[in-house]
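What follows is a set of notes on a single structure, which appears directly below.
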């Protein structure tokens, strides 16, 4: 029988241990559960934000393309590609099909230095070229480990060499390169500066020439804001920055929604 006036029972430290351990275990479990929930919530929020950004990019691309005349696929391709590259959203490219979709995704991959986008390209050779170009760019910028991911042996060797020290026309002699090679380097630099792929053709070193074409891309020879692919899509001249002679550059007219070949809207 319990006696309230009797002696108080003594609880030894040994008797408290199971209780303390249980409290500690429960506290650790609660902390782990809270941490897991926080990480889950953060991931879900990040996914939702990414989905929202993709939706906004698609809406903007759709609106941008709506300024084109009905059936003008070339204009729509350029308009969608502009938004996709600027926003870094490959989802916007889904408004296009076939080669136009592939070119759009490729452009986003290059703009964002993200080789993980390249597998979306249909052609296997183009997928490899897309990824190799990005890995090479990352390698030359200083990430030597990226060079190992390049599939093409020539580009991989060029990347590994470039990651050790970039050769320019200013330091080519100091690095012990022959005069002919240094002349090729200077020519490649000129092609890049002028955004003129035609200059790459006179680069004799095969690896440098390939790198020149990859870097310059379609180019913008006349400096009107439209590269060679854009000029072909709109039917404008790549040797004349103002095809219709109205005093406005072709690229400015296109960006404003006007026809660079004459009066009127696109």
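Cβ coordinates come from backbone N, Cα and C, glycine included.
Same-chain residues lying 6+ beyond the ends of the transmembrane segment (20-40) with a Cβ under 8 Å from its Cβ atoms: none. Under the heading transmembrane segment, TrEMBL lists 20-40.
Taken through DSSP, the region 'Disordered' (219-266) splits into 13 helix, 2 strand, 33 coil. Annotated region 'Disordered' per TrEMBL: 219-266, in sequence order.
Sequence-remote contacts of a segment are chain residues at least 6 beyond its ends whose Cβ falls under 8 Å from one of its Cβ atoms, and for the compositional bias 'Acidic residues' (221-232) they are 74, 78, 103, 194-198, 238-242, 249-252, 254-255, 260. Among the features that TrEMBL reports, compositional bias 'Acidic residues' is placed at 221-232.
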